[in-house]
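For reference, the structure is listed below as structure tokens.
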């Protein structure tokens with residue numbers, strides 16, 4: 001009897017314990033709301049990425065106001081020298097890194113800064129933008145016929161100010177691209193044919209890339225120290241050349257931390273940005289050796305010479321037999337520097353006449 005009584009007591013205690021556990025779990029389920037996946041078709045599933053993209057968008061009106069609402073309309077650039085242009089570039093790029101260190105979203109509070117999306121996005125754009133300025137700007141010089149004539153400290157004959165300004169510009173472009181591509185994916189997700197979905201996305205990337213390139217060219221058209229030999233051709237055809245940057249970078253950049261369960265490391269970010277840069281370089285150089293210059297550029301090579309002497313950032317060596325000493329390939333002897341100087345003098349004389 002005692003043995004059976006003890007067994008019955010153990011069974012009762014076990015059932016009572018199970019009942020208490022189930023009651024506690026039920027209570028917790030009502031008190032603690034379950035986390036649900038973020039399903040806004042425009043915004044990222046990752047909370048860190050959502051915050052980063054929204055920050056890049058919210059910061060954009062401030063630097064746009066500084067550049068296009070103050071400096072250009074008031075013509076403050078007329079009194080700028082190398083130091084002033086450098087300070088302007090630093091003022092626009094610094095908040096991209098400093099503000100997110102001070103204003104930290106809840107989701108990033110427990111992460112070290114280098115694991116937060118805003119920092120990884122900045123690193124990706126900084127690498128891509130550096131390669132673009134250091135190398136690809138020379139395609140603008142020799143293929144598109146565009147030059148800078150404002151005073152600036154330079155790296156590889158490219159103004160340092162453009163390296164700095166590229167960061168906020170490209171962060172805005174790619175944040176917008178991410179959101180529109182995400183929205184498009186949501187809109188076409190019910191199309192069963194994978195090739196059709198790919199073609200729709202590719203078409204949007206092409207269109208958005210061209211619109212982005214053309215819009216930038218038009219918005220800085222009032223800045224007189226960015227010269228084009230043939231402006232109409234530059235806007236129409238040159239914008240297509242510039243769009244190659246974004247045709248590659250928009251879909252590649254979007255992949256960064258898009259899957260919340262698989263955040264990227266900084267090494268992945270760097271490798272991906274360098275891979276995108278190499279792909280753009282290949283496409284741009286393919287244009288150089290097939291299409292060549294889009295206009296008659298006084299200081300640049302003819303199409304045959306442009307093909308013969310390789311990438312435009314590699315100045316031909318005078319020590320090689322049959323190769324000319326510099327970019328002074330034009331029979332007229334016009335160089336990029338002399339052309340820019342003549343345009344400055346022409347503008348000054350017009351201003352004096354007025």
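The backbone N, Cα and C atoms fix where each Cβ goes, glycine too.
Away from its own ends, the transmembrane segment (54-74) comes close to residues 43, 88, 91-92, 95-96, 99-100, 103, 118, 121, 165, 168, 171-172, 175-176, 219, 222-223 of its chain (Cβ-Cβ under 8 Å, at least six residues beyond either end). Annotated transmembrane segment per TrEMBL: 54-74 (among others), in sequence order.
The feature transmembrane segment is assigned by TrEMBL to 86-105 (among others).
Annotated transmembrane segment per TrEMBL: 117-136 (among others), in sequence order.
According to TrEMBL, the feature transmembrane segment maps to 156-176 (among others).
Residues 173, 177, 180-181, 184-185, 188-189, 191, 235, 239-240, 242-247, 250-251 of the same chain, all 6+ positions outside the transmembrane segment (197-214), place their C-beta atoms under 8 angstroms from a C-beta of that stretch. Residues annotated as transmembrane segment in TrEMBL: 197-214 (among others).
Within the chain, the transmembrane segment (234-253) has long-range Cβ neighbours (under 8 A, six or more residues past its boundaries) at 121, 124-125, 128, 132, 136, 139-140, 143-146, 170, 173-174, 177-178, 181, 201, 205-206, 208-210, 212-214, 216-218, 228, 272, 275-276, 279-280, 283-284, 287, 294-295. Taken from TrEMBL, the feature transmembrane segment applies to 234-253 (among others).
Here the transmembrane segment (156-176) has Cβ contacts under 8 Å with residues 53, 56-57, 59-60, 63, 67, 85-86, 88-90, 92-93, 96, 121-122, 125-126, 128-130, 132-135, 137-138, 148, 150, 212, 216, 246, 249-250, 253-254, 313 of the same chain, all six or more residues outside its ends.
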